[in-house]
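Inspection log for the structure reproduced underneath, given as structure tokens.
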There are 2 protein chains.
Amino acid sequence: MLTRADCLAADARDALASFKQQFNIPQGVIYLDGNSLGAQPKAAMSRCAEVVSQEWGVGLIRSWNTAGWFELPGRLGNKLAKLIGAGEDEVVVTDTTSLNLFKALAAAVRIQQQDQPQRRIIVSERDNFPTDIYMIEGMIDLLQQGYELRLIDDALSLEQALTEDVAVVALSHVNYRTGAMYDMAAVTAQAHQRGALVIWDLAHAAGAVEVPLNAANADFAVGCTYKYLNGGPGSPAFIWVAARHQDRFWQPLSGWWGHNRPFAMADNYQPAHGIRRFLCGTQPITSMAMVECGLDVALQVDMADIRAKSLALTDLFIQLVEERCGQHPLTLITPREHGKRGSHVSYRHPQGFAVMQALIARGVIGDYREPEVLRFGVTPLYLGHADIWDAVEILRDILDSGSWDRPEFHQRASVT
Amino acid sequence: MLTRADCLAADARDALASFKQQFNIPQGVIYLDGNSLGAQPKAAMSRCAEVVSQEWGVGLIRSWNTAGWFELPGRLGNKLAKLIGAGEDEVVVTDTTSLNLFKALAAAVRIQQQDQPQRRIIVSERDNFPTDIYMIEGMIDLLQQGYELRLIDDALSLEQALTEDVAVVALSHVNYRTGAMYDMAAVTAQAHQRGALVIWDLAHAAGAVEVPLNAANADFAVGCTYKYLNGGPGSPAFIWVAARHQDRFWQPLSGWWGHNRPFAMADNYQPAHGIRRFLCGTQPITSMAMVECGLDVALQVDMADIRAKSLALTDLFIQLVEERCGQHPLTLITPREHGKRGSHVSYRHPQGFAVMQALIARGVIGDYREPEVLRFGVTPLYLGHADIWDAVEILRDILDSGSWDRPEFHQRASVT
């Protein structure tokens, strides 16, 4: 049986342990929800103050040039690219994940209309993050061109779903609920072999696992910066497009920032070459500028080291729950195999909602997802082995004592 | 002839003069570009620090509930509604103006497909803000349903453009370049009479002129919060939908935030009732929160008083330029008639670009728009009559001395 001393010893050996000092974590909190909203890099407040006081307050409109606002989506994109196996000028930080999915979907659909016009099926997964499915539904409804959504129930169903009328496959690299991870290279190859293009949603992958976009020969990817990348609440998302596809289609959210000559005020649209055509309207500069603080922390570490620590901590979490909470009805729904999971661990519990509220009241902040799912995000940059021990110990105490069964923990006021 | 003393006397009588104290304006700057990026309300820095340090840093994911992030788009929308003649639950602050135009356009097109399916023309104006035209082109290209864009050259052409196949008219209430303003009620009535729906872009109108959305029986409106509403660089935009249209169409950018039950994680999309269905993905909270600071300043004043001062200052600007710069080749392109102009004044000058750079170097910050246009935005909340005098005096000096004709003022490094 593991002990807390073992965990402290592991922390003492941990080469990433000092990175926690680059984040503000509130006193008394063990934060296991960095997969929903990442913690705050200490640099964020001063960066934000610089944007508001100096760039906006003093620079005013001049800051589009002097503070480099116009270059921000591409400059941050190039930094982010290094964390997801992408190249220079292949990523922009902009808009929201949902909107970027719409752009990627429109581009993929149009490329297929040119190359293989008979293909009218868009495949996704029933357990995909809901907004991804909603955006696909929205586009299908708008197009009125006979497109259909085909939802698979699990990874095994993909092979039979890939019929000759499939145009696009849109999947999340890491599942938001279970933490299950697809083999990006294998699934991309499988889809390509069957003539489909693939869009990867990296929301629960970017900054958490090694993402091999170019090595996997992927087509499109979107994702968010406010989870494992610690960009701040609702910080702008990103889109990656393989270089071979970038200039093939004029994506329909064609605002001024994606124009070839955005300040010429031309009266018709001409898309910029390359990834910049996936920009649309004016971006929220203050929120966007802080994205760099999170990226700059992550870029100090090798993603392989982040991944190794993530696997160590999730292994530890699973082992401790087995050892210490074994008699309680917790069902692990995250794959145990390293190659098949991301950086969070999820359990079903018949009273999952109340148990999570009791945990949060004790300072262990994870989150709850329908149905009955307790979700614990593991962020190697600001969590250690003893944190995992302490979190599981509080979970054990709540379960052993039954202290989750209080009226206030059953109230569903929560919106997230 | 007016004198500077006359201007100072007018400032002494000005009931809005004290509002300037609620903004940070840099020393030595006369800011005539609030129609591009509004100045910073003094409250913005502390609001921003509260979001970053407390709501994000300490509240973390809990702030979706405890700090009211989930309610922000609607709560700010309800404040903004009062400034544009809209009602409760008719406005949300979200995304960008370009994206909101796409949503409105999709909704308007779909409503017409149901009501008058033969209508396939979308009318706009050649001199509309380019991104509006680009977004229309993007949607037409995506739909592949035989829609066509018809661009009119001026307001007079609208009547003959309104043929029986026109589905939607998309116009800017105040033109970004000339400052010309449409009569919203008259044009809306004209379009309705001919069977078309109207989308108004209020980017250069909201916070600057009295906008009568409901009184004009308008259909849709979009606009930005970072110009006359002083929301901060790239702060999220807004969309207004007349109550009668809100539930008629599922707009295609159908992300989680517009879902009827956003946290049920349902596997198919069901649009929320009312204006909330025009939300899409997660919003940039830090940038959005600061929008409230600008709204809170504007809500202390009656829009009629803002408008009266705006007209007084733009009249003054025009008069002073005539009196003091009359011998120079400045051509006023802004309508003189009060009912036909917004809150900025524009001139063509053969060396407009260099003249504007020379002005900016002297602290008079306006902006330049192709072709040859000097644009001066007048923001009654933080500008006075003497500011206008001083700005025109510097313009006169630059023109009289020819000091604009230096190599550095001809360099087109500017991106805005």
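Placement of Cβ uses the backbone N, Cα and C atoms for every residue, glycine included.
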Among A:TRP56, A:TRP256, A:TRP389, TrEMBL assigns to the pyridoxal 5'-phosphate site of A:THR97, A:SER98, A:PHE129, A:PRO130, A:THR131, A:ASP132, A:ASP201, A:HIS204, A:TYR226, A:THR282 just A:TRP256
Simplified DSSP label at A:THR131 (pyridoxal 5'-phosphate binding site) comes out helix
Give the distance between the Cα atoms of A:ASP201 (pyridoxal 5'-phosphate binding site) and A:LYS227 (N6-(pyridoxal phosphate)lysine), rounded to the nearest whole Å. 13
Sparsest Cβ environment (other Cβ within 10 Å) among binding-site residues A:PHE129, A:TYR226 belongs to A:PHE129
Here the Cα-Cα span from A:LYS227 (N6-(pyridoxal phosphate)lysine) to A:THR97 (pyridoxal 5'-phosphate binding site), rounded to a whole number of angstrom, reaches 12
Listing the recorded positions A:ASP201, A:TYR226, A:LYS227, which lie under 8 Å (Cβ to Cβ) from chain B? A:TYR226
By a simple count of other Cβ atoms within 10 Å, which of A:THR97, A:THR131, A:LYS227, A:THR282, the recorded positions in the record, is least packed? A:THR282
What three-state secondary structure does DSSP assign to A:THR97 (pyridoxal 5'-phosphate binding site)? helix
Where the record says A:THR97, A:SER98, A:PHE129, A:PRO130, A:THR131, A:ASP132, A:ASP201, A:HIS204, A:TYR226, A:TRP256, A:THR282 bind pyridoxal 5'-phosphate, what is the longest distance in Å from one Cα to another among those residues? 30
